[in-house]
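Take a look at the structure below.
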Amino acid sequence: RFIAKPCAINLGIQDSGPHRAQPNAILEKVFTSITKSPGGKRLEGLSKQLDWDVRKIQRWFRHRRNQDKPTTLTKFCESMWRFTFYLSIFFYGIRFLWTAPWFWDTRQCWYNYPFQPLTSRLYYYYILELAFYWSLMFSQFTDIKRKDFLIMFVHHLATIGLITFSYMNNMVRVGTLVLCLHDASDFLLEAAKLANYAKYQRLCDAFFMLFGVVFIVTRLGIYPFWILNTTLFESWELIGPYPSWWLFNGLLITLQILHIIWSYLIIRTAYKALVRGKV
């Protein structure tokens with residue numbers, strides 16, 4: 001409201017929605033109770049009932065559908081909030097982990113487990129991330145509904161489960177590595193969205209391509225060969241198959257499956273962009 005909206009207006013993004021449909025009680029009732037895209041027979045019936053041309057009714061339904069879509073300004077503000085958080089928490093995580101021994105040697109995550117101290121910086125990093133993902137879980141039902149609603153719902157469930165579970169079991173060292181790795185690409189995607197809403201096409205393309213490269217390198221390269229390697233094999237070797245080993249690794253593997261699905265979508269989008277000449 002106080003930062004994102006003024007930025008959007010300065011960039012020329014208008015606070016105006018699509019053309020609103022002409023008020024009509026009969027068509028509104030059909031739209032809300034029966035269908036948002038009526039077929040041929042229903043259109044003919046409505047045409048006779050209202051003495052309207054079929055094309056006029058089709059146009060009304062199109063305007064009515066567009067009327068419910070969020071404005072570009074709304075989408076810009078939502079993306080700017082997420083960009084701000086992801087960027088801030090990523091740099092906080094990198095600054096914190098740079099001096100942590102387990103950042104350079106993942107076997108340190110399991111030495112003397114579970115008797116590992118929980119420092120205040122580590123605690124705040126964890127609680128901030130958990131609070132943010134809980135906010136995403138709840139706001140997903142009120143925010144702009146996107147095509148990946150269901151897959152994001154599964155992602156938030158798995159993430160909250162992992163953060164809570166690892167905190168309760170004092171697996172926070174490896175947990176910080178997972179969190180930082182995920183934050184590395186998220187702010188780039190939000191930056192691409194911001195550039196797209198502001199109609200800076202080249203900047204949008206550059207951010208999206210950079211996001212794609214970072215996402216695939218971190219989620220298909222570093223995550224399985226660095227994170228999953230330590231949780232699956234190094235932990236088994238150093239502390240043995242602890243009681244929650246299967247659940248913990250099951251959640252981490254669920255995230256990896258989601259990474260593969262998203263990587264496919266990113267590669268497909270990048271391919272289409274190269275063919276068309278723009279993202």
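Cβ atoms here come from the backbone N, Cα and C positions, even for glycine.
Per TrEMBL, the feature DNA-binding region maps to 29-72. Within the DNA-binding region (29-72), the DSSP-based counts of helix, strand and coil residues read 31 helix, 0 strand, 13 coil.
Taken from TrEMBL, the feature domain 'Homeobox' covers 27-71.
Per TrEMBL, the feature domain 'TLC' maps to 74-275.
Counting residues 6+ beyond its ends, the transmembrane segment (83-103) has Cβ neighbours under 8 Å at 109, 121-122, 125, 128-129, 132, 173-174, 176-177, 179-180, 183-184, 186-187, 190-191, 194 in the same chain. The transmembrane segment annotation in TrEMBL covers 83-103 (among others).
Per TrEMBL, transmembrane segment is recorded for 123-142 (among others).
Within its own chain, the transmembrane segment (207-226) has Cβ neighbours under 8 Å at 106, 177-178, 181-182, 184-185, 188-189, 191-192, 195, 255-256, 259-260, 262-263, 266-267, 269-270, 273, 279, counting only residues six or more beyond its boundaries. Among the features that TrEMBL reports, transmembrane segment is placed at 207-226 (among others).
Residues 151, 154-155, 158-159, 161-162, 165-166, 169, 171, 178, 211-212, 215-216, 219-220, 223-224, 227-228, 231-232 of the same chain, all 6+ positions outside the transmembrane segment (246-267), place their C-beta atoms under 8 angstroms from a C-beta of that stretch. Residues or ranges marked as transmembrane segment in TrEMBL: 246-267 (among others).
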